[in-house]
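Record features, source TrEMBL:
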TRANSMEM  15-33  transmembrane segment
TRANSMEM  40-60  transmembrane segment
TRANSMEM  66-85  transmembrane segment
TRANSMEM  130-152  transmembrane segment
TRANSMEM  158-176  transmembrane segment
TRANSMEM  188-206  transmembrane segment
TRANSMEM  212-232  transmembrane segment
Amino acid sequence: MSSYKDVFKVAFPKTIPILFGYLFLGCGFGVLLAKSGYHFLWTTFTASTVYSGSMQYVAVDLLNKPFSIFNAVIMTLAVNIRHVFYGLSLIEKYKGIGVKKIYCMFGLTDETYSLVCSQYVPEYIDKGRYYFVTTLLNHCYWITGCTVGGIIGQFVEFNAKGIDFVMTALFVVIFLEQWESTKEHSPALIGVGCTALCLIIFKSFLPLLSTYFLIPAMICIFTALTVFRAPLERRLSR
C-alpha cells in the first residue's frame, strides 16, 4: 500500500488550482462575515464544521435578516441538493475505503468532486488514501482562506461590496476548465440546458418560487444523464 507521503506527492499538484481558488473564496466569505459583526474565529469554526462555500455565503445574508427556520432549511436544500447526486455517483468509487469514507462524504465539494471524478490515479497509489488526502487538502485550503478573510475583515477597514461575486466566478472558471479538458461536451450541454429550462419555467410560471429552481434542475440533469448514460460512456471512452 502506498504511503501518505506518496499520496500527497500525487494529490497536492492536482489541488493547486483549488488552493488559489479557495484562498480567495474563503477570504471573501471571511470578510463578509466579519463585516457583519462576527468575530473572525466564527469564520474558522464555520469553515471547519459547515464547509459549504455556497451556503456559507448565503448564510451571511440569512444572519443579517430576521431568522426563519423554514427559509434556512429551504435555502440549504436548494443550494446543497446537488450533493445528493454527487454522492450517488461516487458510491462505487468510495466503496471499500473504510472509515475514510465518512470524512470524504463530509468534505465533498464541487471542486473535490471534480478532482475525484476527472483525475487519473496512478496504479501504485491507494485510491482510498488519495480521495481522503485530496478532500483534506481542499478543506485545509478553505479553512485557511476563511480565517485569513475573517482577520482582514475584522481589523482592516474597507468597502466589501461585490466580494460575494467570487463564488460565481469560480463556478464559471471550473466549467470552462472542464469544457476545455475534453472534446465530449454533451454532459456540460445537458447541465446548462436543463438549468436554463428550469430557470425560464420558474421565472415565467412560478416567480415566487424562482429562487428554488436548482432542485428540479438537478433532478432533470440526473435523469437525463442516467437515461443517456450508456451512449455517453461509449463516446467518452473513444
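Cβ from N, Cα, C; glycine included.
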Inset, instruction - Could you name the stretch, out of 40-60, 66-85, 130-152, 212-232, with the greatest number of CB pairs under 8 A to the transmembrane segment (15-33)? - result: 130-152
Legend entry - Segment proximity, the transmembrane segment (66-85) to the transmembrane segment (212-232), 3 or more C-beta pairs under 8 Å: yes
Legend entry - Positions on the same chain near the transmembrane segment (66-85), where near means CB under 8 A and six or more residues out: 52, 54-55, 58, 108, 110, 211-212, 214-215, 218, 221-222
